[in-house]
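Novice: After the structure tokens below, expect a handful of questions from me.
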Ligand SMILES: [Zn+2]
């Protein structure tokens with residue numbers, strides 16, 4: 001849902017981006033502070049200073065949004081599902097994890113970390129305001145106090161039980177822990193999120209129409225975003241959920257035709273013509289370690305008169321374009337990482353550094369199709385080509 005986001009750099013390997021709606025928040029907060037909050041809290045100052053304090057306070061608020069997200073990411077890393085990227089947006093932010101938490105407990109802890117950070121920042125802001133209240137100019141003191149109150153409000157708002165808010169994730173973890181079904185728990189949290197969004201929308205509409213308050217527009221926007229985000233999560237949910245527990249070892253081809261790297265292109269082409277139906281092959285080193293991938297297409301590119309003298313290992317792709325994963329890796333993780341071209345690419349699956357099998361484009365497509373049919377692919381037993389099956 002955050003396709004139009006501005007990159008802000010990387011922190012500890014996590015890409016941080018801002019959705020355009022953050023600019024709207026920055027402007028709204030600055031405007032609110034400079035024209036209403038600060039003139040009332042510290043009257044009589046130069047109008048320019050209201051704007052300066054307003055911009056600084058709004059920027060501080062965005063920085064604390066980032067801290068909120070980073071604490072999600074830090075706890076996630078502790079539970080072995082490090083952060084991939086963070087997107088700031090008008091409702092706080094979204095931390096995309098590299099994988100889904102595997103237990104309700106981890107899910108809950110990752111979710112609750114953000115609101116805890118916000119409330120702590122809020123308390124620190126209010127505390128600092130109280131400390132400097134006697135000595136500093138009322139303008140920065142008001143800014144600090146607003147920052148503190150804003151963060152506490154943000155923390156509490158994010159605890160509301162509905163996806164995509166942190167409270168929604170906590171609700172999901174709780175239902176997951178009680179019922180043992182993560183997919184259904186996610187659906188419950190998303191329905192709560194949509195109900196929450198609808199409630200905000202109705203409250204905003206009532207404010208606007210019954211009381212003529214334009215702040216109602218803000219609530220309507222908030223409600224619309226909540227419903228939109230809950231639906232986006234819902235749409236991405238079921239297939240991922242169903243594929244969620246499936247491991248690479250369950251969908252791989254455990255007995256592919258392999259190429260000893262020292263064979264010549266000609267010798268291997270002859271062998272491949274009679275062995276199986278594969279078009280892409282794992283290449284093994286002399287001691288049986290997988291070193292790369294080669295396709296019949298790669299072999300075609302070797303000039304005909306050189307095929308008797310060229311070794312397959314010299315033609316094989318061995319760079320970063322070849323993906324190597326363990327048998328226990330999750331299929332969803334793999335799908336996030338690679339795009340496999342049929343007849344050209346292959347994922348090498350290893351078990352204690354020996355080749356355990358391969359995953360091609362067809363294997364991934366099959367896993368998705370089976371998941372859509374609500375069936376789980378079963379691991380094929382390794383067999384030699386002549387075995388009756
Ligand atoms: Zn959060």
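Every residue, even glycine, has its Cβ placed from backbone N, Cα and C.
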Novice: Which residue of 31, 107, 166, 181 does TrEMBL report at the same Zn(2+) site as 68, 72?
Specialist: 166
Novice: Looking at 81-100, 141-160, which one is transmembrane segment according to TrEMBL?
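Specialist: My reading of TrEMBL: the transmembrane segment range is 141-160.
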Novice: Report, as a single number, how many Cβ atoms besides its own are within 10 Å of the Cβ of residue 72 (Zn(2+) binding site).
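Specialist: Other Cβ atoms found within 10 Å: 26.
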Novice: Relative to the Cβ position of residue 69 (active site), how many further Cβ atoms are located within 10 Å?
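Specialist: Other Cβ atoms found within 10 Å: 25.
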Novice: How big is the gap, in Å, between the Cα of residue 69 (active site) and that of residue 166 (Zn(2+) binding site), rounded to a whole number?
Specialist: 11
Novice: Where DSSP helix means H, G or I and strand means E or B, what are the helix, strand and coil counts for the domain 'CBS' (248-303)?
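Specialist: Split into helix, strand and coil, the domain 'CBS' (248-303) gives 19 helix, 15 strand, 22 coil.
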